[in-house]
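Notes follow the structure.
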Amino acid sequence: MLSEAAVTQWETETQEDAGAARRARITRLTVTDFRSYPRAEIGFDGRPAAISGANGAGKTNILEAISLLGPGRGVRGAKLDELPRIGGAGGWAVSARVDDGEDERRFGVGAAAANPSRRICRIDDADASGPGALAEHLRFMWLTPAQDRLFMEGAGERRRFLDRMTLAHDPAHGKRSTGYEQAMRQRQRLLEEGGRDEGWLGAVEKQMAEAGVAIAAARRAMVSRLAAAEVASEESVFPCADIALDGALETALAAAARETVEADFAEGLRAGRRRDAEAGRALSGPHRSDLLVTHREKGRPAKLCSTGEQKALLIGLVLANARALSLSDPNAPLILLLDEIAAHLDEGRRAALFSILDDLGFQAFMTGTDKSLFEAWGPRAQHFDVSGGAVHETQLTS
């Protein structure tokens, strides 16, 4: 927990340029042979987008398409071969026009039928190096029904959630994570081959140590910002959470210099070669860390809270992280994707959620089966209906 003095100082430093924020806005989305859509073009005017439709109509497909404009597998965690439309040509494409506050940019992702396992990324009609390049221009945070059991599942799901929140603050976090995983796999192959090349093995372990400690440091920085944003907020509709990182590197960084932690981790990897070879995997590192969440008011671990409390805690964490980002980087190109977010909230909490999103100012896309769930937003939102494989803008009627 940060002290009130630290929070005040942090807010003062980060809010100086808040009034000049230029937030990125998706103004047009085009999908071709993607999931259930042969082709769809949707125009957005910058207001929050409330997307309604029956189950299976294709609402989440829209959020997934948007999420693929960043690194990773998107809101569903799907493989590339799951994305082409059944009955289509075999390839798929998603493109977006984005107003970044200064200019209009064009971003695209997709895969060709001839090579469905290769993800193509383009920025302003030029090939990009990969999904990581997109993170410099668009960042995403999302909530989906699949995350409702986040606090009950294994540590892996919470790590992915933690790293997604960290990526919103630090676009290089994804590249570091990929580099760490590649080095870890390479080390394991060398160990399985007998680890006879001491120099090569040591170099790979050094790469793991550098990337692993950088990952842990980025996570710690995000958690500090998140704690400050929650303490600074007077919003109490969604419960505040105390969060902690359960990981050897994260703990070590609290007491020692980064260079020392890197050296100790590299030495630990060297000493644990036989153990890791026998286990078939590295048994230490940031890939073993966990996110611990506690309901602050009740002093109860999230995993012991009720289903409703867990959902509210999760929403509160995402909102707090968006608030932290708005304070630390007013121009951050963050997009919020909230699937079925309002379904289990009462009328008061729905209205409060919409007000918070308005105050944050980031572009938000929300889905729901019943358009009445978005009535509290009224004309502050742009409303859409999804049916028959098409998306139409609609007007709320009283």
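Glycine is treated like the rest: Cβ placed from N, Cα and C.
Record features (TrEMBL):
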BINDING   Gly53, Ala54, Asn55, Gly56, Ala57, Gly58, Lys59, Thr60  ATP binding site
DOMAIN    45-388  domain 'AAA+ ATPase'
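Shown on the structure are the features that TrEMBL records.
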| residue | record | Cβ within 10 Å |
| --- | --- | --- |
| Gly53 | ATP binding site | 22 |
| Ala54 | ATP binding site | 12 |
| Asn55 | ATP binding site | 8 |
| Gly56 | ATP binding site | 10 |
| Ala57 | ATP binding site | 21 |
| Gly58 | ATP binding site | 24 |
| Lys59 | ATP binding site | 24 |
| Thr60 | ATP binding site | 23 |
